[in-house]
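Listed features, source Swiss-Prot:
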TOPO_DOM  1-36  topological domain 'Extracellular'
CARBOHYD  Thr2  O-linked glycosylation site
CARBOHYD  Ser3  O-linked glycosylation site
CARBOHYD  Thr6  O-linked glycosylation site
CARBOHYD  Thr7  O-linked glycosylation site
CARBOHYD  Thr17  O-linked glycosylation site
CARBOHYD  Thr18  O-linked glycosylation site
CARBOHYD  Thr23  O-linked glycosylation site
TRANSMEM  37-57  transmembrane segment
TOPO_DOM  58-97  topological domain 'Cytoplasmic'
Amino acid sequence: MTSFPTTPPPAEELMATTILQATEALSPEAEASTALIAVVITVVFLTLLSVVILIFFYLYKNKGSYVTYEPADGEPGAVVLMENDSAKGREKEEYFI
């Protein structure tokens, strides 16, 4: 029987991943600063979210509507009246420089 060369088992250091390795505990000051950073990020995010929601509701309620002065289909004389009104307005325009 021929013996095949075998590879040595990997070292203990190579088998352990960073997840399985023990981590050292953070100091109370580091934990407090981490919590403070998390709170600040959360407050900023909630503020931005509320501003976006307020803008959305404002734009939704104030969609805006416009009034057109187009005559109905049965009123051909209304077009002539509108043209005369706009011509009168042009004569009285004054430009201040």
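For all residues, glycine too, the Cβ spot is worked out from N, Cα and C.
Worth saying up front: this structure is predicted, and the values here are computed from it rather than measured.
The structure, with features from Swiss-Prot marked on it.
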residue: Ser3; record: O-linked glycosylation site; contacts (Cβ under 8 Å, 6+ apart): none
residue: Thr6; record: O-linked glycosylation site; contacts (Cβ under 8 Å, 6+ apart): none
residue: Thr7; record: O-linked glycosylation site; contacts (Cβ under 8 Å, 6+ apart): none
